[in-house]
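These features come from Swiss-Prot:
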- 40-63: repeat 'MORN 1' (REPEAT)
- 89-109: compositional bias 'Low complexity' (COMPBIAS)
- 110-119: compositional bias 'Polar residues' (COMPBIAS)
- 120-131: compositional bias 'Low complexity' (COMPBIAS)
- 169-191: repeat 'MORN 2' (REPEAT)
- 273-292: compositional bias 'Low complexity' (COMPBIAS)
- 318-339: compositional bias 'Low complexity' (COMPBIAS)
- 340-351: compositional bias 'Polar residues' (COMPBIAS)
- 352-367: compositional bias 'Low complexity' (COMPBIAS)
- 658-688: compositional bias 'Low complexity' (COMPBIAS)
- 703-715: compositional bias 'Low complexity' (COMPBIAS)
- 716-732: compositional bias 'Polar residues' (COMPBIAS)
- 787-813: compositional bias 'Low complexity' (COMPBIAS)
- L1383, G1384, E1385, G1386, A1387, L1388, A1389, E1390, V1391, K1404: ATP binding site (BINDING)
- D1500: active site, proton acceptor (ACT_SITE)
Amino acid sequence: MNNQFEVFRPNSYTYDVLAKQYTETIASSGHMVLSHHGFYKGNLNENKLKNGKGTFLFPNSIYSGQWNSDKKEGDGTLIILKPQKIQKKSSQSKSQQQPPSQTKKSSSPINLSPRLQGQNPTITTNGSNNNNKVNIESLINKLNDKFNQCEELINQTSQEEFLKQQDYYNGKWINGKANGIGCFHFSKDDSMHYDFWRYGVVIRYANQQNILKPLYDDSVPAGLLNSREILKDMMEDWKSVVVGDDDFPCTRPYLTTPTASISLNRENINIYSNNNSNGTTSPTSPSILSPTQVPLSPPKVNTAPSTLISEDDNNFTSGSGFCSPSSSLSIKMSSPISSGLQHSKTQPNVSQSQNQQIQQQQQQQQQQPSLLVNSTIVQTNTNNNKFNDLLINQRNQQKILKKQLLKSNQQKQSFGIITSNYLKSRLENEEKFFMTLILFISKWEIPFKSFNIPNNPSIHASFLIFVPDTDNCTFISLSNLIMQSNVLERLIFKLLIDPMSKVLNSTALNTLTESQTLGNLSTYNNNNNNTINNTISIGQSKSANSSPNKISPSVSLVGVSSLTTLPSSTPEERELHKLLPICLDLDETPHIEKECIASILNIFKLFPTIEDYQPPQFIPDTICKFISCFKKTRALENYLLQKQFQMSKDYFFKPTATTATPNNNNNSSGNSKLTTTTHLTNNTTTTTIVSGSKTLKRTKVTPPSQSSSSSSPSSDQTNLPSIAISSSNGISYKSPPVTSPPPTKPTFSVSLTTSNKIDISASNPNGNGMKLYGSNATTTAASSILNNNNNNNNNNNNNNNNNNNNNNNNNNNCGQRRQTVESIFPTFKQQSNTDLLTSLMQSTSISLSNKYSSSTTTISTVDQTPPELTLQSLNILLSQFKQSYLFPDSITLSFNYLTKQKENIEQMEKIIQSKIQLIQETKPKQQQLQQQQQKNLLNYSSSFNEYLTNHDNLIDSILIGLKNDLSQLQKSFEICLTLYKEMITQQIQLVLKRLKSAHSFINQLIGLPQSRVSKLPKDFIVRFIKHTHRIIYQLYNSANNTFIKLDNEIKIDIDEFIVQSNDLFSKLPNGAITTNGTTMNSIPSPVSPIGSPPLPSISASVYEYFLGKKSSSSLTLNVSQQQQSSNSLDRSSVQFEPSDITPGPFSFISPLDKIIEEIMSGHYQLILPVASSGDDLLVSVVSLGLIDLRSYLSSNNRLKEISKSSLIQLFNILLHSTVICHNINSYLPEVFKTLILLLPFYPKKDELFIKYKEIFIGFMELCVIDELCGFSFIYLEFLGLLVKPKKKGLRKELKKEFVELFPIQLFIDIMEKPIVDATNKNAEKTRAQAAQILINLSISSIECLLEVKSKNALGPILDICKFGQAFAHTQIEESELQILQFLGEGALAEVHKGIWKGKEVAVKIFNEGSFSFRLEDFLKEVAILGLISHPNLLKLKGACIAPRSHKSTFMIVTELMHKGTLLEVINKNKPLSLEDIIKYALSVAQGLAYLHSVDFIHRDIKAANILVDKNNNAKVGDFGLSRVIDNNFNMTAVAGTPKWESPECLMGEAYTSASDVYSYGMMLFELATGDEPFLEIQSIVELARSVCDKKLKPKISSSVPNFISSLIKDCLHNSPKKRPTMNQIIQKLCNHKC
């Protein structure tokens, strides 16, 4: 082991570090470093920062994995240590083995400057002073001992048994936090849970869109269209919530000066070193540094170091072994908020009192002028005593600070993984953190009305944060975590025992205790003659010196609207007034809620406070624990379920709501004026009856049959003012305008209007305003854009730094591409609820307006008949209904708690009474004292009396305390009893209101027409009634409990509701329910209520009908815990009524690591919220998942099996996601690759183009601008499929519109754009795809082909085809062909008859073994056959191009010409009739005329290359020698058969269309005579001499008709210019034919 230690300082650090190099397993970059923050073993980079693989021991955790510049980056594991389970074998140091004489401290200083000068300081055993050598060795032994202990612990962490006992995370890390897919291990149940992590927390997606819609509607869910960058914004807010949560809270403070501990010995002072400007270290003069001076800690941070070599070596790893100063850091943040629960930036810190103590001690140290002693003082004998005193003083101060730091180290850090324990610790230790977290939850999870920060109602898709709960081995949401915190209980505790936290008039209390009992507090409040705006709180009265107590607004939060609260303005009451509606399930009608809270708080204030008496903590704790029984345990689940149920009701029933303005005017006449108000709230719809000036707390419940609306559970829309809230922690809140619930399935008639068609000029740096697309587009415009784009790219590259050229290019390009996407779709970005894409994505008909204006998109809705109820939808509604209307568990819990409390109090009373009796008996009586005085013979009576009196007083104080304890104990039970009556009364009233809403919904079901419920069982309504029947039965039992009697009014309300609901209950199998005022003897005992699931659970058991299998588990809404196996999707399900439910996977709250599996299972709507999340990491995960989706769809012919409706929905969703997602690098290419796979099976391509052409324009602009990103060639391939010829693409009219939007010249410019960077493979692919689009357009339209020809683009297209980069044919697999009999052969190929797709075809198989075969010729012939299309040209069916091997084949598949070649027809039917001659000649002439019109020259026209079908139609074939006429150069004469070639071709001159006319004349000679021309000539030399020099012509028989003979002579004219054109030949043949 290397014993040499070095002290160095990285450039970014403000202090030195102590390190030790090791070489056993790692190269020279391996170091071990010890610090106050922990111990590191691993690699360091050239800047001495952690880089590469390494392990760091934090105070309470261990990270092992990849590092990047001091940040956890890459793959790694964080172990959350359990200190009590860490077994560490401490090795015996060498200093302990040495004799005391050798370890004795020397009194003379050590001079280490020779080893420190000019290099990093080191500590070795090679000292020059023998007297100090032993001391240095002892120091090094101590350091080695520490390093060995840490290494031992690191080795222990790699053991499987050790890991099994720890909670740990294993996965991806970015910037020191868990980011990406990772798994978390719970040690208690040894389970692994895979999730998607972001910034140290788990992110899951809550599908709040109506799940019934996918059953009926294949279009894109409209509610998801407006969601953009939700996750990105949420995580930015989350970073503000947990601000300051770093691994090393200071500026790079992962190590501090190691000499802080060494300086305790005067002999070791010279180890200090200073930081030079260049980042190196140099030795300093001997000095003593205070704990607050540099380099011990960075400036402006209050901290104090713990020693590396602690005086108590045994405490090194005992929870605070590393003594991290981070826990004591506290950067003060100023805040204008004075309340105890205020919103502010918070970070982990110690309590304020601890900070103040540390600051005071530091100030005292700084005020000591002699604390910093220079070297001259140290070396002066006269100052030795003073130096020693200061040294001792410093040691004592360090001990004090160390103890404080050890205490502050209990404040936990997350170290990249935020757990529930971490958040709870911050909630308990930071007063402001609770408000910060509440505001975050109110914005992103549950809109808390008391804080007036609801989340955006237009966001139907939201992401939720979950954190691991190591105590319960599950994941818990933030809203449920808040309910588990003790903030509410702490405030109640303070309100109970602190007399300054409550204002209670003693006169009112006396009056109350004399005239009212604790059991009639609610009656006392209801009998007040004041209105709600002038209510006197319970326990208070008007005094002569005070104004009437009114419910006044409290002190507002920053930007939050005022809230009415109690007459008192104490902070505790104001905060409880805000927290009680959050934590308790209260009636959310505003004035009823205020009254309920006022009653609760005033009951708390009845707890007496006795002067000079502090009650035992357990006494007020009983009240706090009792209130905890009423806290919400499933806040998030209930909110999401109620929201989902409301959406389901709106989907099946037209939303109706009765609203009225509350009557705020007092009725002085006393006449009862009734005003009914319906309030839509988060939990329920509450109806309040206001009678004159008196507000009744109890509401008479009207019969369900008389109700006209169903509005419970409530929607999340609340009539709150729209305000902007800016908090000090950086989270911005703005309450959006209230929107109505989504209507029932509408029919849209859309008129689209935009300001302008998106044109390329928006991104043109020259700003010339030229449009790229449209009928007015010009070639110059497209060319200039491409040139400008090249210039921009070059300029950007030239402006980058040389050192970081590649990185800067990538970053700049990414930023520019993102800005480009946002600029391309400005219309889509600006619109919200009336989004253009909302209309584009509808499945109904859409009319596009040709006139564009600046107005927004208008959507007119037409009512449509609601969907029919099926068995599946009924079961979903039933499950939602049961989960939305539940019997409160708090009633049972509170009752059980109260009964146990009564038993405990009775026992305590007996014990206290017995103690009081015993103590009273021990007190001496007065008679005994007098007798003792008489017997006292000495004069000690006064002393004796004083002694006895003091003891008597002590006994009296004990008696008073016990009596007070007994009184407080009794009072606490009375308060709990009163609270029980108050809370149960409120709960029963709230449940009755919700049951009224439930029965209204049931009546709606009963009133449905038979046509909508024809598929349902006759008794389907009974299932709903059974559930409400069970709840009312339980309410009845609770109200009639003999142990605690409630008010008779509550019982009357329940009886009245039963009577009013008798019609519904009569439908139950047991018949009608009867009641005799207060009895319900005829009600059968229902099944016990459904138990509540564990607190942190949230899974999708509401919708288990989608899941793959069935079970008999209870209908509870469990939050989805990940399956331990990461390879399979959670298929747990619930048995519904009935059980015949179509299986299929679905999760209400989806773990994002399973998002691809759910998408592959058919839930394509989940793509949109992920794509629009704005989180690049999550989008990249889905991008990789799309690869698996394509593989899944491609295998086993799944694309052919998928339904058309599902395919349309998937296609539309993917296409829409490309607009709302701006991730060009990974997402857009993968999406369009998937669209390319789906497009051939898309049944409505014409409608697709009409809907999305505006989007296609935008992406075409992006394609032109952003070629280097790898998106251009993919998008061009997509467009190429869209314009495929015939029925595979758009119809002919839409292709014309396509060409108007995307001019031909645009694709020609892309195809001919020079490739500057040879390494850019995408550029070549882009050229090929542009050529492919031109090919498809040319095949589909002769006009496009002529335009391509006129722009001289056919040659480049064929060149691309020649190399197999583009194809003008259908690609046929060899396995698809069935080769039959042989038909013939030529020089390069043989022809067979074949079968393809059940039809007869001709298969031309090229002979690869032939020396003359060239693949280029084969591909060229295929391309020519594919490009041209004419009735008199051989029709190409496709081609088979197999990989070149010894078994490979290259085949062309054409239509089968049954009669063979024209030569064979001539030979069989010689001589031909004039009619046949004219027919064949005219057919060939028409085919050649078409070829010449598109600048093709056949170059081998003869009877052997003309084919005849069964209808005697002649068609030109064998295009192997065809060439494209290029005006820029002459074609060579190396062409077809010499005897048929023109004289100029034989002479080597240019080959033109006139050459084909000459060959056509020779073919006409064959038709007329039946003979081959120039039979007498046998050599090419003789042929050339005869034809070129002698002007020899073939001899025409006299039997040939004159006009045929004349036509032959004209075609064989020696001068090409005097030969007729093919069109002239056609005219002559047609004239003679007529």
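Indices start at 1 and increase along the chain as displayed.
Positions of Cβ are set from backbone N, Cα and C atoms, glycine also.
Features as recorded by Swiss-Prot, highlighted on the structure.
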residue : record                       : DSSP class
L1383   : ATP binding site             : strand
A1389   : ATP binding site             : strand
D1500   : active site, proton acceptor : coil
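Using a 10 Å radius centred on the Cβ of L1383 (ATP binding site) and all shown protein chains, the other Cβ atoms total 17. Sparsest Cβ environment among the recorded positions E1385, D1500 (other Cβ atoms counted within 10 Å): E1385.
Note on the repeat 'MORN 1' (40-63): mean pLDDT across this stretch is 88.
Straight-line distance linking the Cα atoms of L1383 (ATP binding site) and D1500 (active site, proton acceptor), rounded to a whole number, equals 21 Å. It is 18 Å from the Cα atom of V1391 (ATP binding site) to that of D1500 (active site, proton acceptor). Other C-beta atoms found within 10 angstroms of the C-beta of A1389 (ATP binding site) number 23, with every protein chain shown included.
Neighbour density for V1391 (ATP binding site): within 10 A of its CB lie 21 other CB atoms from the protein chains shown. When the Cα atoms are compared, E1385 (ATP binding site) and the residue listed as 'active site, proton acceptor' turn out to be 16 Å apart.
Across the range of the repeat 'MORN 1' (40-63), the DSSP-based residue counts are 0 helix, 16 strand, 8 coil.
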